[in-house]
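Everything below concerns the one structure shown next.
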Amino acid sequence: MKKHSARVAPLSACNSPVLTLTKVEGEDRTRENVVGTADTQSAGAAGSEPDRRRLHCCIRVTAVQVRKALWGVAMVMCVCSSWAGSTQLAKLTFKKFDAPFTLTWFATTWNCLFFPLYYIGHVYKSPERQTPRQRFRECCRFFGDDGLTPKVFFTKVAPFGLLWILTNYLYLQALRKINTTDVSALFCCNKAFVFLLSWIVLRDRFMGVRIVAAIFAIAGIVMMTYADGFHSHSVIGITLVVASASMSALYKVLFKMVLGSAKFGEAALFLSIVGSANFVFLSFVPLILYFTHVEYIGSLADIPWAYLCGVAALLFAFNVLVNFGIAITYPTLISLGIVLSVPVNAMVDFFTCEIHFNTVRLIAVFIICLGFLMLLLPEDWDQCIIRLSTKLRKRDDPGEGNGEATTGLGWRARGRTSLSTFAH
């Protein structure tokens, strides 16, 4: 036992440093492993932080886009309903009160409400509340450093007021001659006229697809005229609505050339000034038309005030949605609501038996609406299609390499794509 203990002692004595060293090295390795694991975890946590932020950003951006798209769907329905409703109600109004200029004057006067409604929204939303006078003066800077002077009014506001009156008056006159489907479809040509005028006057970018859309619009006008056999009544109605679309296009192009782009408050003030000027300077015209029996009615009790107020309210709602709807949704969706009013009017006309849908008329309506939709394409639509086809082609092709390398490369590529998308 002594020998054995003696042997154990030296062995233990001899091996103790080795064991101690081994233990130390084991501890160091253990520590290194622990440190390495901690570093890996911290690196993983650090690496996952951007991923989490990116994911959070993805969810947030997607939620914003979904919310905007939902607002867009509601906006399309509201724009379509207000435009089609005002057209149908105006047609009914003329059966009881045949006074297109008086109706135009009455509806335009409602534009006075634009700036008060805008100011209510400003008080509700803006943290810095201003008095109506301060807000009015600030918005008047849109007309220049001197604000709204008599010279500015007669040179920059009055011409647009006349174009506004002419656009609405010619549109209502056309409703007296032809059905609402043809009127609403032909008025969609104003988008093509805006492009042609912008290309000629403002030197906008030339786009082949928009030239094709303009050709479609012109062809639709000719076919619409042919659909009724070139009768004088229909030709006059088509001429009136095409003139109305031309006045609308001229209004938009001249506004961009003379005044540029306007903010919400400036646009509201401008439209309120147009409505006020219409009330002050053109109130004598309905009186003259009344006394000359051009737009005559027996007594005030015979005036269908409900119809007049309904048309004016729907037109006012339409102008509010068109001018201020871009704050909550995409402008393309707002324009889509206008073209969707054509099939709505067609359905109403079909059930009221006021229209005969022959083949020529259907083709004319179709190509006019198609041209309108083509004009909604963005300027870089061809590049977007090329990028989309390239992505689809890469997705269909087999991945280069095998195993995890392909997955890693694909993941990095997707990460860069998503970041570049969010950056834009």
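Cβ atoms here come from the backbone N, Cα and C positions, even for glycine.
Note: TrEMBL annotation is automatic and uncurated.
Here TrEMBL gives region 'Disordered' for one range in the set 30-49, 130-149: that range is 30-49. Contact between the transmembrane segment (209-227) and the transmembrane segment (360-377) is supported by 3 or more Cβ pairs under 8 Å, counting only residues 6 or more apart in sequence.
If you count C-beta pairs under 8 angstroms between the transmembrane segment (183-202) and each of 102-120, 153-171, 328-348, the highest count goes to 328-348.
The transmembrane segment (69-90) shares the most Cβ pairs under 8 Å with 328-348, out of the stretches 102-120, 303-321, 328-348.
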